[in-house]
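Structure first, commentary second.
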Amino acid sequence: MKAITLLFLVGFIGEFQVFSSASSPINCQWGSYAPWSECNGCTKTQTRRRSIAVYGQYGGHSCVGSAFETQPCQPTRGCPTEDGCGERFRCFSGQCISKSLVCNGDSDCEEDGADEDRCEDAESRPACDKDKPPPNIELTGRGYNALTGQFRNQVLNTKSFGGQCRKVYSGDGRDFYRLSGNILSYTFQVKINNDFNNEFYNSTWAYVKETSTEHSSSSKGRFLFFSSSSSSHGYSSNTNILTKKKSYQLLVLQNTVEVAQFINNNPEFLQLAESFWKELSYLPSLYDYSAYRRLIDQYGTHYLQSGSLGGEYKVIFHMDSEKVKKFDFHSEDKRKCASSHFQFLFTSSKQKCTTMEEVLKSVSENEGNLLRGVPFVRGGHSGFLAGLSYLDLNNPAGNKRRYSQWAGSVPDLPEVIKQKLTPLYELVKEVPCASVKKLYLKRAIEEYLDEFDPCHCRPCHNGGMATVQGSQCQCYCKPKTSGVACEQGVLLGDQAGGVDGGWNCWSSWGPCVQGKKTRSRQCNNPSPSAGGKSCIGETSETRQCEDEELEHLRLLEPHCFPLSLVPTKFCSSPPALKDGFVQDEGATFPVGKNIMYTCKEGYSLVGDPVARCGEDLQWLVGNMHCQKIACVLPALMDGIQSHPHKPFYTIGEKVTISCSGGRSLEGPSTFLCSSSLKWSPEVKDVQCVQREAPLTPKVPKCQPWEKLQNSRCVCKMPYECGSSLGVCARDERSKRILPLTVCKMHVLQCQGRNYTVAGRESCTLPASAEKACGVCPLWEKCDAEGSECVCRAASECEEAGFSVCVEVNGREQTMTECEAGVLRCRGLSISVTGIRPCVAEAA
């Protein structure tokens, strides 16, 4: 059984505020459209695509509209699906299948059944006594987008048996099913886990970092993306549930139900779905990211190598960190909770995790004892999903019944879970120019993954993690921080300190030199400062050029490189643009290729951004330059810090300069970005000097009704009083008599209010209520069993409190609050006649 790890915020020492001001919202901005693709000979259309120039962040708007545009055109080449199949059989759709599948009694042409249309002798056909495939077998043939965690359109033909008669026994169903030719192994084995896996995360940052998947593009540049379960019933990943107004801890409960397990065949033996095969046929044999990206949008980045059919249940409960902090969790409480596996939520038991139940009730922010969470459910009947979004802390049996109803519906409506994936480009086959298209699809998937690299995002404050989701950058905050940019709150403990560095995006690939090319990146998003950690990884990367592989394919498949369309000459790398760079540069620059320039942050491009590789192998570049639109700080000496630390500052923004290490700043500390895009005052000759240690000021000794603030004693507030003896007090201004405490009277008199002690019979003091151990007043202590507060003896007073004048049996005497409280606790009738010692009042 999986042990529970409770990640609670305890034992932190020190706090450090890294950022304090919110970042302005950044709206998403589209870039310019790329050139139109080659005209598709099958659909007689061409497409073009625009990429995102600026990702939305810090609460800014998403990009509106489609990234693609399509228009009709006149093709210069025919449709590949109209070509012949050689020695193979051609379906009406144009797809080619083995002749051994013709007239075998099965419709192996997925859409039209052409392979069985002209079979005269039906009795001589091979026969299988079972034609019924396993339930929901079509789920095993879908594509999968590894970035979004969503299943896409069908890529495998799960209806074809491949001319084989392989059967599998269902077990509980007492029936036999015939396996698809694409299935290597299929097992009916129901697995229901009665123990719920559960984890605590001390922040949304910790949850996303734990559940994110680390991906590598071909460039070996690693980055994280958030991949969550998606459901056909609408419970999909929605980051808006991770509210930005507070810091939250997360409790995650999850479980799975398995119905069957499957393994698909090796790629070379898989039969493709006709719709997917057609799209592969339509792909151009010249690299055009727009065309290949459209295929990725429709069919995903991977297909299923193996997995299980079943259901997946996960619910996330958000707990206000400030409320959780009020509860003291002992090691014994944690041990009980860990051993219970949270079964107390689903099964009635005498041994309950009491402390945990109290925490859940306190932080639920919901009515009664209903703990509402955010469910992520895959599989099962949609009618049961609403009941999975909450838990009734007083009705474990009801919780179990609702979960069991959903789990019981999973065998009838399963989804794929626990999937293992293979890249989609491994399925590029049985189409013209398959080797070339396979290479280009691999390149397009790498380019697609790079679009979602967090390097496109601006830094989150306080060490938050940025992820790309659609056209937005989302910040996930560390413990005790919150806000759209994680700008609110403080970092705690060993996380307090400087700003850790983050990688910027890779540069474009350099030219091929001896069959290799190189690119680089910088650790400046943000740059490490104030002792923060530097980036982990390499600053440069080298890999083999694709040119040699393309030249080899040109020899094997020369028809895929028509001379009229494929240039044999290439331009060198495009000229550099000061304060700018080439957008989506690519690896090679054939004659006729257009590229687009853009400017780095803080600059705007003026002029024509498009350049073209000419016939003379020279770049045709128009007049353009990057115009400064913001202020940039000059390089500062070591030990000088800027706040806020940003790559550039817009007009009207201020930056504050400070020194670290106990040194003092010479010169102005605040600078304004003026309308002339210069700093006012000018940032020059700023330096830090060692300052003499200041004399430690004498700390004044405050009265009990005072507190130390800014090196001087000031009056406390009444609510800051702790346990104190109750008295009746007269407000000499309004003549009202009201119940107060000795401490509160001292505080009010300190603030200039005139209160005097009145007789005890003049007001009703609050009745002494039974209190649990831990909150006993001065004159009480915990009993031997440690369950409730009982009266102390006068000699047992540990904290005396104020000295007051008390009348006992008609005689006034000076006592401490604790001594007087002991007498009152033991039933003696006493009356407080003054809030100071009797002798002092007499004087």
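Placed from the backbone N, Cα and C atoms, the Cβ positions cover glycine too.
Model, not experiment: these values are computed from the prediction.
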Correct range for region 'Disordered' (source Swiss-Prot, candidates 202-222, 517-537): 517-537
Recorded disulfide counterpart of C475 (Swiss-Prot; options C457, C460): C460
Swiss-Prot annotation (region 'Disordered') - matching range among 114-135, 224-245: 114-135
Cross-link partner of C599 (disulfide, per Swiss-Prot) out of C571, C626: C626
Second cysteine of the disulfide that Swiss-Prot assigns to C63, among C28, C91, C96: C28
Candidates C73, C79, C85 - disulfide partner of C42 as recorded in Swiss-Prot: C79
C79 (disulfide bond) to W509 (C-linked glycosylation site) - Cα separation in whole Å: 34
Candidates C63, C73, C96, C818 (disulfide-bonded residues) - the one closest to C505 (disulfide bond) by CA: C63
Cβ neighbour count (within 10 Å, all chains shown) around C486 (disulfide bond): 31
Integer mean pLDDT for the domain 'Sushi 1' (569-628): 84
Region pair the domain 'EGF-like' (457-487) / the domain 'Sushi 1' (569-628), three or more CB pairs under 8 Å: no
Of W36, W506, W509, i.e. the glycosylation sites, those within 10 Å of C63 (disulfide bond) when Cα atoms are compared: none
Pairwise Cα distance for N754 (N-linked glycosylation site)/C789 (disulfide bond) [Å, integer]: 34
Where C455 (disulfide bond) sits in the secondary structure, as DSSP reduces it to three classes: helix
Three-state secondary structure, C73 (disulfide bond) (per DSSP): coil
Top Cα neighbour of C42 (disulfide bond) in the set of recorded positions C28, C85, N202, C486, C776: C85
